[in-house]
Amino acid sequence: MADRITVLRHGKVVGEADPSAEEAELASLMVGRAVTLAVDKQPPNVGDVVLDVDGLTVVDDRDYVVVDDVSFDVRAGEVLAIAGVQGNGQTEVTEAILGLLPKATGSVKLDGKELLGRSVRQVLRAGVGFVPEDRKVDGLVGDFSVADNLVLDLHDQPPFAAGPLFKPSAVQANAAERIAEFDIRTGSAATLAKTLSGGNQQKVVIARELSRPLRLLIAAQPTRGLDVGSIEFVHKRIIAERDKGTAVLIVSTELDEVSALADRVLVMYRGKVVGIVPGDTDRDVLGLMMAGVPPQEADKQAEEHPTLIEHADELLTKQDEDEK
Amino acid sequence: MTDQDERPDAQAQDGGRDSAAATATEPKPDNRTEEEPSIGQRFLRELTTGSTALTFLSVVLALLIGAILIVVSDPDVHAAASYFFSRPGDTFAAAWTSASEAYAAMFSGAIIDFDEYTVGRALRPFADTLTYATPLIAAGLAVALAFRTGLLNIGAQGQLILGAILAGYIGFAVQLPPVIHIVVAMLAGFVGGAVWGGIAGLIKATRGAHEVIVTIMLNYIALFLLAYLLTTDAFQREGEDLPRSPFMLPTAELWRPIEGSRLNLGLLFALLAAVYTWWLLNRSTMGFRFKAVGLNPHAATTAGISVPRSYTMVMFICGGLAGIAGATQVMGTSLHLHTSIAEQLGFDAITVALLGRSSPVGTVLAAILFGALRAGATTMQAQTQTPIDIVLVVQALIVLFIAAPPLVRAVFRLKVRATTPVAPGSGGLA
């Protein structure tokens, strides 16, 4: 869209680029070094089934079925990404697992134990880490300090609490540790979380969720609105968590992110599972599946038409008409 | 601020991605998160984040306007103003005398009376101030703590009445040994208020009814419950038709250390309540949850904090604090129950919590200021014939200025300081 591109970093002009420049070139100008948009990761070392979702159905406040009989599992040490166009039920799947949607039916088992019907607190205690889609609304208390936000879901656990007593000193010590570990750029641990940049806010959320032993990590749109450097950092941490043997469930509308992280991809369309395909599936195929085309057919069509984004739109409108 | 921070990030992301299908359909993240806060939320935020300096200036400004009102309503000034153009100096002199004498009288009625010769007698006005401040401290905390949890507790009045009823009944009807009697009656006051507050919290938590409506209704119920009880044999003074209870038994009377002053041990209980509230907010896990719920109930829920449970608990505790205010009123100040035992305390408590920025320390200081205004007003009226209503106007103006910080800033030509410093290295690149 731009006629000329000027790149600013730390308040200084660091370079200019032509609009035709490759995105990798722009990215490296912005972060000051070459950036790998793809994540460097080993093949997964897959273990037992950790999360077993069976027939999950969610009805929203307007009695509209937003998640329709969804079944899948996530194994230890693998990343399952839920892809799909925003608003096709992915968010609700994660919220139902966490226990935020009391109207969810079906079965969600973590290590064989039923999670549905338990409180959010109990689900978190069972070893689920949750990075919400909207960090400002659901992830952080903006008017709390960074230190307090880092213990938001751990504040009543030792060492941060002894019975009803809250221990600010332990919270401070924890904050210093996490800020260093996750390279959170903040004035101090007492800085209000709302004053941090989006990338650093997200690091606070991720640092908090990864600071306790997890069986399952759920991350919804983990890099939305972040700069390139932060995206890379977040991706690395997610893969590192996977390699520790944690089951990881990612929700992303970004095909790049899905391709970079996923060992398997589950595509959702209108609350239903279109299909579960390997992580290295061609993007054209994923794009078609996101428009509701079943995997085999998507495979075939993608072969016939190498770039199919426009075609997918056509298919989508046609399908809408068919349903009418 | 954050809005601006994120914009280049979002561009970078779009530039770095080629999946047209995904980016074209994805809504811009900023549009989703930047919801316009409701008036109530903005009001609450203004209350809890305003600076101490602004609070102080609000008080100064209110007193200045109060001075103008004193001057305008003074007949001496009117007389001098009638020949303003021949001798304008007289008008200004009369105005100065009028305002300064009124405030001097207020000071001598509220803090120190220099006309008295012994220290004890000279300081008696301050004791009066503290007497008035005692119930305001406890009831103010009841409002402040609810504010911090995101609730507007308009029901301190009703909670205070219930506290007074229970504490009063224990005080005049039950025979107990000295110290124990006071402790039991005080606890009864706490329980009475706590139940009344807890009802509002429970209804809010389970049915979503707005706490303002519920607490206002409970105020009426409490008021008429008291009026009814004072007509029953159990509460009414024997052989009388007036709606008032017997006096407290001597064992339930709160000790008055200064002879001739009504200042009593209730102050100690009010200050203990303030210490407890401070501890709750800063050193307890429950207070941490209250604050999280008050500042962002969504994030609190996602972090496993039960918002309904917090609402119920906090209203229970707030009610208890107001109940203590009621107990000190009946056991320390009036020494018997009557229909106007709560005066306007529950409503003044809202102003006090506002002025104190919803912090325990601020609430104590604000309550003392209001106590001083109240104690001084009586002396002011007696000595200078300045109407006592001026003080109510000053109180109202304080609230007005605190709720409208831009006005105070404009008057004192304060610059708006950036309250949100941007952390260096907004991207936080690894």
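Positions of Cβ are set from backbone N, Cα and C atoms, glycine also.
As written in TrEMBL, here are the features:
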type	residues	note
REGION	B:1-38	region 'Disordered'
TRANSMEM	B:53-72	transmembrane segment
TRANSMEM	B:132-151	transmembrane segment
TRANSMEM	B:158-176	transmembrane segment
TRANSMEM	B:182-203	transmembrane segment
TRANSMEM	B:212-230	transmembrane segment
TRANSMEM	B:263-281	transmembrane segment
TRANSMEM	B:311-332	transmembrane segment
TRANSMEM	B:352-376	transmembrane segment
TRANSMEM	B:388-408	transmembrane segment
**Message:** How about long-range neighbours of the transmembrane segment (B:352-376): same chain, 6 or more residues beyond its ends, C-beta under 8 Å?
**Reply:** 47-48, 50, 52, 55, 58-59, 105-111, 125, 128-134, 136-137, 139-141, 143-145, 147-148, 271, 274-275, 277-278, 281, 391, 394-395, 398-399, 402-403
**Intrachain neighbours beyond the transmembrane segment (B:212-230), with Cβ under 8 angstroms and 6 or more residues off its ends** = 152-155, 157-159, 161-162, 164-165, 196-197, 199-200, 203-204, 236, 243-245, 337-339, 341-342, 346
**Asked** When you scan the chain for residues with a C-beta under 8 Å from the transmembrane segment (B:311-332), skipping those not six or more beyond its ends, what do you find?
**Response** 134-139, 141-143, 145-146, 149, 151, 153, 155-157, 159-168, 171, 182, 185-186, 188-198, 200-202, 204-205, 211, 248, 252-254, 256, 262, 264-267, 269-270, 273, 277, 280, 286, 290, 293, 341-342, 345-346, 349
**Prompt:** Do at least three CB pairs under 8 A connect the transmembrane segment (B:388-408) and the transmembrane segment (B:132-151), leaving out pairs fewer than 6 apart in sequence?
**Reply:** no
**Selected stretch (most C-beta pairs under 8 A with the transmembrane segment (B:182-203)) from B:53-72, B:158-176, B:263-281, B:388-408** = B:158-176
